[in-house]
Ligand code: C5P
Ligand code: MG
């Protein structure tokens, strides 16, 4: 038995014994036959209707004993902790559920590259990779690779979403990006510089990524009107082999871009984290504007 429990047990028992003594004064009375009886002895009850035995002390002992035994048993199995009245009790709160980003922005730089389908994101990223040594990750390319991967449990789902120009559930895309980034970061001593192209296309993708992977430095946004983008995509469709480079899919992708992806750009714009570049000119001209736009970020002045 634990020491405090033992004390508790003896204190309670001591209190009960105190109630048993002093022994109540004995009163004597005579039976009709003349024999003397003391109260508490067997014999005729002098006060009919009143129990001659004092049962309450026994009931008290039994209750205290049973209670102490239960407390002792519970303290042994850990379900009862003897209250510590000497130190103030700190309320025990559940640990906060926190999704800590996997990478630190000090080691891992991320630039999101956004723009409508056919805005020229891929073309501009290739130029940036050559000049600034970025790693280019296209969310669309990663999804297409996963769709083709034998045994992928998401293959069919990705295929359906891409054909309809819909946004694939963010868990899939964020995980593919995180895996691809981790591979590069692991090989580069914990560091990396990424252009993440075609991402985040929806607010939940942005939130999930910044919560669980890393906070992005800024968004590079390519702005082009739909007629220019349509012309480029139809041309690309002649050779790309992509299931979504046809007029019907392109129209759906435009609608999704305006309704779902533009709010993401606007949110980053409100935070002062967007470099907006007009993307209607030839690639070389657009690239000049890109360099001018990103310079303050590259130099760490933003
Ligand atoms: O960027 P890209 O045009 O290659 O994307 C092709 C398709 O991949 C999109 O229309 C969409 O269905 C899917 N996608 C997505 N989420 C992203 C990027 C692409 O669901 N962040
Ligand atoms: Mg692309």
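Here, residue 1 is simply the first one shown, and the rest follow in order.
Each residue, glycine too, has its Cβ placed from N, Cα and C.
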Annotated companion of 118, 119, 120, 121, 122, 123, 236 at the ATP site, TrEMBL, chosen from 147, 205, 281: 281
TrEMBL annotation (region 'LID') - matching range among 224-234, 235-245, 246-256: 235-245
Candidates near ligand 1 among the binding-site residues 122, 167, 253, judged by a Cβ under 6 angstroms: 167, 253
Cβ neighbour count (within 10 Å, all chains shown) around residue 205 (ribonucleoside 5'-phosphate binding site): 24
Tally of residues which DSSP labels helix, strand or coil - the region 'NMPbind' (138-168): 19 helix, 1 strand, 11 coil
Helix, strand and coil residues within the region 'LID' (235-245) as assigned by DSSP: 6 helix, 0 strand, 5 coil
Overall pLDDT for the region 'LID' (235-245), taken as the rounded mean: 96
Listed binding-site residues (144, 236, 253), ranked by Cβ neighbours within 10 Å, top entry: 253
Nearest-integer angstrom distance between the alpha carbons (Cα) of residue 122 (ATP binding site) and residue 200 (ribonucleoside 5'-phosphate binding site): 15
